[in-house]
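If you check Swiss-Prot, you get these features:
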type: SIGNAL; residues: 1-36; note: signal peptide
type: DOMAIN; residues: 37-220; note: domain 'Thioredoxin'
type: DISULFID; residues: CYS69-CYS72; note: disulfide bond
Amino acid sequence: MKKKQQSSAKFAVILTVVVVVLLAAIVIINNKTEQGNDAVSGQPSIKGQPVLGKDDAPVTVVEFGDYKCPSCKVFNSDIFPKIQKDFIDKGDVKFSFVNVMFHGKGSRLAALASEEVWKEDPDSFWDFHEKLFEKQPDTEQEWVTPGLLGDLAKSTTKIKPETLKENLDKETFASQVEKDSDLNQKMNIQATPTIYVNDKVIKNFADYDEIKETIEKELKGK
C-alpha cells in the first residue's frame with residue numbers, strides 16, 4: 001500500500017513538472033511571435049521584396065510578418081488600411097512586406113507561395129497577400145496547405161493552381177525565402193509583426209497614432 005502511494009505521488013510530481021514545462025514553452029513562443037522584441041535600428045533593405053506605392057516615396061514602411069501570426073492578421077486588417085489611405089495613396093509612403101517563419105511548415109509554405117506570386121504575377125500580389133491573411137482562422141490549426149494556396153492563387157492571380165503546387169513541392173522559390181530569413185537575422189527580428197518606419201522600429205504595431213506620428217516626423221525631416 002505504501003509503495004502504491006509513493007508511486008502515485010511520484011507520478012503526480014512528474015505530471016506537474018511536465019505541465020509547467022509545457023506552459024513555459026507556450027509563454028516563450030507567444031512572447032517570440034506576438035510581443036515586443038529587440039529588433040535593431042537601421043533601415044532594412046527591400047531589394048527584391050514586394051513593394052506597394054511610388055518608388056520615389058520619401059518614407060518606407062516595412063512589415064516583418066508571418067501569414068500564420070494572429071497579430072499580423074490584426075495589423076493587416078486594422079492598421080495597414082489606415083497607412084494606405086493616409087500615406088501610400090498620397091505618394092508619401094511605400095510599403096514592403098518581408099516573410100518571417102515562426103510558425104513552422106505552414107509559415108514556410110505561405111512564404112514560398114507569396115514569393116512565387118510576387119515573381120510571376122506582381123500585379124496580383126497584394127490581393128493574394130490580403131486574402132491569405134483573411135483565410136487565417138481564429139483558432140490555432142494547420143490551415144495553410146498546398147490546396148488552399150492553389151485555390152487562392154486561382155481566385156486572385158494568373159498562376160495556375162497546379163503550377164503553384166508543383167513549385168511548392170519543389171521549393172522553387174526557396175532562395176527568396178532564405179533571403180528573407182537572412183534579413184530577419186540581420187535585423188534581429190524576434191516578434192511578428194515588427195514594423196519599421198525608415199530606420200525607426202515601432203514599439204506597438206497596434207498603435208496607429210505612434211505609426212502616424214513617426215511617419216509624419218520622417219516626412220518633415222526629408
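Heads up, the Cβ atoms here are built off N, Cα and C, so glycines get one too.
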C-beta crowding around CYS69 (disulfide bond), within 10 angstroms: 22
Confidence summary for the domain 'Thioredoxin' (37-220), mean pLDDT rounded: 96
CB contacts for CYS72 (disulfide bond) [other CB atoms within 10 A, all chains]: 26
